[in-house]
Amino acid sequence: MALALTGWQLVWGACVCVLVHGQQAPPGQGSDPGRWRQLIQWENNGQVYSLLNSGAEYVPPGPQGSEANSRVLLAGAPQAPPRRRGGLRRRQAPSLPLPGRVGSDTVRGQARHPFGFGQVPDNWREVAVGDSTGMARARTSVSQQRHGGSASSVSASASAFASTYRQPSSFPQQQFPYPQAPFVSQYETYDPSTRTYDQGYVYYRSASGGLGAAAVASAGVVYPFQPRARYEEYGGGGGEEQPEYPPQGFYPAAPERPYAPQPADGLDRRYSHSLYHEGTAGLEPAYPDPGPDAAQPNGGGGGGTYGGGGGDPRLGWYPPYGNMPPEAYSPPRVVEPQPPFRVLEPPYLPVRSSDAPPPGSERNGAQQGRLSVGSVYRPNQNGRGLPDLVPDPNYVQASTYVQRAHLYSLRCAAEEKCLASTAYAPEATDYDVRVLLRFPQRVKNQGTADFLPNRPRHTWEWHSCHQHYHSMDEFSHYDLLDAATGKKVAEGHKASFCLEDSTCDFGNLKRYACTSHTQGLSPGCYDTYNADIDCQWIDITDVQPGNYILKVHVNPKYIVLESDFTNNVVRCNIHYTGRYVSTTNCKIVQS
């Protein structure tokens, strides 16, 4: 028993000695201030960087003399060597050490500003930023250090971070006038002096005829990037035959244009005759249409620079028509400007003719409207055209529904006579429920003139409930017809709204608003009435369930002149169940 107790005491004593001895770091390892203790890696813009620190990770408060000698190293790229005076050198990849070079010597590559603005000064030596070659060495050295490396391995890894070596090329180098380094994404400043590739790269010609590049690093890292091919290499190399065409610049030189007289006002009106000028029959067109006779500009034979190949002579100065003489200048005619809209031909206007009028027909232009002037149609309306209101049937069908509301919430609409006659009876109370068939409306002016109210401005009516002026007595009629007989089953009303440009097609400007002086509807614009505004309904409180027809008629009395009155009515099939409605088959009809 005593022998066993003595043995256990010896074992515990040995353990205590080992622990005490382990806390004392041998020189050159834990107490070595030059040892790298921390490694931080991150990636920025596709490049991996490393930050090495010889200090401790956690520093206690207070002055620490041992941490004052700690070092910090940022690794990840070769550093910049002195620039040669002969010209600007490309950025080089790390390579194997040269024969006879000591490991402590360094060859700095050309470092660049992180944003590409020129070169980094040479005095910025301690910290270098670049490609990920140093990171491969960082991982190698750190792994060696973690697996029991000695102080010599630590110093070797430190020198690996701060050094980049070059290797002589195993292939014969070829000089190129304008090389492009594979790792530089920014454009460098042009230097007229001679440029060559660095010896650190190995350029080889692939089987496809292009050039490839491989950077052989000391860590065995191969970069798969290749330089951009130049003009000389599109034809291939080696046994392939180069084309006989001489090299040319990025922008080919254009042939010199012959002198053409300029008009007095400096405006070029060669393309305006067929669009805006009347009476062009007496004038020769600026560009004749290409035809069999125009196939050979040089008289069907040779001559000229390009041999007079066939084609469109209006191509002007571009080959193969560079030898075409300039067209003769024709003085402009004073004409009335036209709106850029295509007016629709109403049925009561004469049939358009594509034949040009005789030369003497310009004198009768005041009595007869021009029927065909290029692609612009001008009827005898003093060049102003007419509006054309068209309601949108899909807009009506999309949002038709039934609403039940108390009469006290419809007082403003009652003042404008938007309810059925039973709502104005003496026995009606504010708590009576009215059933309303609500639907939206969107009207477009697809004509060539403004749709303006027929009433003078000083006669517009002010409605205090809705806070706007009514410029028309009857802009729309809303009626509900029986589907079988076509008779009215609900007391529709005359919607009297203010006219404005709610929205416009692309290229058209809104010019009218719901104010006391600017009401109307511009060409290419829409006057929209949502289903939730007052009077945008039909009172169907007294209507029985069944099938009906909803009729929306715009400009019903034809008071404002339009170019087409056959597209002012929308009809929809309504199925009313007593609780809700379903709307189908909304379309534009004549009446």
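Glycine is no exception: its Cβ is also placed from the backbone N, Cα and C atoms.
Under the heading signal peptide, Swiss-Prot lists 1-22, citing sequence analysis as support.
The annotation compositional bias 'Basic residues' is assigned in Swiss-Prot to 82-92.
The annotation compositional bias 'Gly residues' is assigned in Swiss-Prot to 298-313.
What Swiss-Prot records for 319-386 is region 'Interaction with FBLN5', and it gives similarity to another entry as the kind of evidence. Across the region 'Interaction with FBLN5' (319-386), the prediction's mean pLDDT works out to 50.
Marked as region 'Lysyl-oxidase like' by Swiss-Prot: 387-591.
Taken residue by residue with DSSP, C412 (disulfide bond) is part of a helix. Sequence-distant contacts of C412 (disulfide bond), defined by Cβ-Cβ distance under 8 angstroms and a gap of at least six in the same chain, are C465, H466, D534. Summarising the annotation, Swiss-Prot assigns disulfide bond to C412-C418 (among others).
Swiss-Prot lists C465-C514 (among others) with the feature disulfide bond, giving similarity to another entry as the kind of evidence. Other Cβ atoms within 10 Å of the Cβ of C465 (disulfide bond), summed over all protein chains shown, number 12. When secondary structure is read from DSSP and collapsed to three states, C465 (disulfide bond) falls in the coil class.
In the shown protein chains, 18 other C-beta atoms lie within 10 A of the C-beta of H466 (Cu cation binding site). Look at Swiss-Prot and you will find H466, H468, H470 tagged as Cu cation binding site, backed by sequence analysis.
Cβ contacts within 10 Å of C498 (disulfide bond), excluding its own Cβ and spanning all protein chains shown: 22. Residues or ranges marked as disulfide bond in Swiss-Prot: C498-C504 (among others).
Over all protein chains present, the Cβ of C535 (disulfide bond) has 22 other Cβ atoms lying within 10 Å. The disulfide bond annotation in Swiss-Prot covers C525-C535 (among others), and the record cites similarity to another entry as its basis.
In the three-state DSSP assignment, the secondary structure recorded for Y529 (2',4',5'-topaquinone) is strand. The annotation 2',4',5'-topaquinone is assigned in Swiss-Prot to Y529 on the grounds of similarity to another entry.
With a 10 A radius on its CB, C586 (disulfide bond) counts 22 other CB atoms from all the protein chains. Under the three-state DSSP scheme, C586 (disulfide bond) falls in the strand class. Per Swiss-Prot, the feature disulfide bond maps to C572-C586 (among others).
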Entry from the disulfide-bonded residues list C418, C504, C514 having the most other CB atoms no farther than 10 A: C418
Residue from C504, C514, C535 whose C-alpha is spatially nearest that of C572 (disulfide bond), among the disulfide-bonded residues: C535
C504 (disulfide bond) - helix vs strand vs coil (DSSP): strand
Recorded positions clustered about H470 (Cu cation binding site) [Cα within 10 Å; pool: C498, C514, C525, Y529, C535, C586]: C498, C514
C535 (disulfide bond) - helix vs strand vs coil (DSSP): coil
